[in-house]
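Straight from Swiss-Prot, the features:
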MOTIF     12-22  motif ''HIGH' region'
BINDING   CYS143, CYS146, CYS156, CYS159  Zn(2+) binding site
MOTIF     328-332  motif ''KMSKS' region'
BINDING   LYS331  ATP binding site
DOMAIN    577-678  domain 'tRNA-binding'
Amino acid sequence: MKRRILITSALPYANGPIHLGHLVEYTQTDIWARYQRLRGHDCVYVCADDAHGTPIMLRAQSEGITPEELITRMHGDHLRDFTGFGIRFDLYHSTHSPENFEISQSIYRALRAADYINVREIEQAYDPVAGIFLPDRFIRGTCPRCGAADQYGDSCEVCGATYSPTDLINPVSAVSGAVPERRNSEHYFFQLGDFSDFLRRWIHSGTLQEEVAHKLDEWFSIGLSDWDISRDAPYFGIPIPDAPGKFFYVWLDALPGYMAATQHWCAAHGRNLADYWGPDSAAEIYHFIGKDIIYFHGLFWPAMLKGSGHRLPTGIFAHGHLTVNGAKMSKSRGTSITARQYLQHLNPEFLRYYIATKLNSHVEDIDLNLEDFLLRGNGDLVGKVVNLASRAAGFIHRSFAGRLAASLGKDQAFYDGLLQTQEAIGEAYAGREYGKAMRDIMALADQINAYVDQNAPWTLAKDPAQHESLHRVVTVTLNGFRVLITLLSPVLPELSRKALEFLQCELDWAGLSKPLLDHQILPYSHLLQRMEKTQVDALIQNPAESPATAPGTAAAPVPTPVPAEAREENPFIGIDDFSKVDLRIARIVAATNVDGADKLLHLTLDIGEGTRSVFAGIKSAYDPASLVGRLTVMVANLAPRKMRFGLSEGMVLAASGPEGGPFLLSPDSGAQPGMRVK
């Protein structure tokens, strides 16, 4: 059945560039939207710049331009970067729009009419030089707990303490440097606590991931406080109706920005806002967000919608944050990489794929390990997928004038087998289990490459008597390539576009059951260039010179390595260190000698969720045939390593010592492939 679906991503703030951390969310959302479109659903994906607030007002002042000029420029920059990464919005709007003014004020009026708004005086910090009330983050001073200087007005980045700006020692305005004054002002509050019973039920209704719902439960233990939804002039934002000099706090008008973008799109496409947001709408609405804003989307937003008579979202999907090389993105380490910096060096499809391999339906941080990124992108996309087309296309054009065979003959069953996991892969996409989908697709790529190796078209091409067999084999190979490209198309839109142009066919998920037969294709041209290490290295910006290497400073002497026997071993590691190693039970499904290698065996390991290719230095102790079917233990999250003989995707565990070895580790009976060793 065709579904009507509205999809949103969180609104990026119009005060800075898009960076790779942002792109986790927009890539996740875009993949999901593309998959829904691929399955024929009526899917609309909207987003917008979050374009109001004090930081935008102050930055515009510092640049000598108006806030409107700043947000117009940032909107263009953001949309350019999103487009560069293949993010396909149906509309990219702004919260500084007529629709958002109207909708935000309408929601407020409905909440006030229902007695969910109260007004009272509060005391605030005021900058007498700049003439503005200061948000907590615009006050700096000495932490009252640890004494660290130059800390924010609400929290210390050194010791993690939270406090009131009035607790800061020697506070100053970050805007003018003046000492803030304490002044009273009348503020408007949304009575969030009135919705406590409703929210307790709603967050466990299946709309949120269960771990998110449990996190939100913590707020009820201390009680839901009234939410301050007003700010005083001067302020760049939406005026509060019938309240001169008062403006909505940025989150009050950012959340309705989803509705405003929908309304703008509807007006251009003959639809009505009520088709999506009306209380009786049958449409599905899904918000993709980061884990840092679940409070606003899981409590404030549903309460605002409920109190103003609108329908609620169908699903809210939170994701984790991005780290680079195992650490938080950092300007000082050069790992705070913007989208624009990336696009200057590398094809965005590699990053889209890598993000997809890491994502699942849970709220887990993902790491961009640049060495793994290089090996996996080249190994999977170029080595396993694109090379299939380049290997087969030459034979088709040299021997068959670019025309595929009229039948798959005896290999029809092999092709049909490739489609057996198609629906499971589709279910993984739908469930946001992208990592599983990528593993299953790469397992298919391994099958097709094994088919090519077994049938050796380069050998068939030398024998005129095998002309028909050659035609069949390369036709099967190119149809297998089409399967891979179709399954990967939500993740790799540009590669799939080029590949389908080469194959002269349309993107058709359901049409894979009918292979391309007696079909003309174009001559092959490069679809995806390999990444070079120098390109990946160029992503890391040079950090500021450290004192040890600054001009005129002597470098510290390099310590002489200590032999392993003389090195004092640390007898302990923490449980956190051990838990980083993902040990899995694996079944050896194939074992072969490696040509040109004296010590290595090539193992294919079943780890439950797919297979891994591993090169192990155990040839001196084991006959390959004796290993097939045996269970062992592998390190499953070791970064892939490019070797002369191929890509090794993990490590099997073995013991050795003066008495001999290596001896493979084996689990007790009952263990199954994929089980984790804890």
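Here the Cβ of each residue, glycine as well, is placed from N, Cα and C on the backbone.
Cβ neighbours of CYS159 (Zn(2+) binding site) (same chain, under 8 Å, six or more residues apart in sequence): CYS143, ARG145, CYS146, ALA148. Fewest other C-beta atoms within 10 Å: among the binding-site residues CYS143, CYS146, CYS156, that description fits CYS146. Within 10 Å of the Cβ of LYS331 (ATP binding site) there are 10 other Cβ atoms, across all protein chains.
Take the mean position of the Cβ atoms of CYS143, CYS146, CYS156, CYS159, the recorded Zn(2+) site; other residues of that chain with a Cβ within 8 Å of it are PRO144, ARG145, GLY147, ALA148, GLN151, GLU157, VAL158, GLY160, ALA161.
Residue pair the residue listed as 'ATP binding site' / CYS156 (Zn(2+) binding site) shows a Cα separation of 19 Å.
In the three-state DSSP reading, CYS146 (Zn(2+) binding site) counts as coil. On the 0 to 100 pLDDT scale, the domain 'tRNA-binding' (577-678) averages 83 in the predicted structure.
Broken down with DSSP, the motif ''HIGH' region' (12-22) shows 3 helix, 2 strand, 6 coil.
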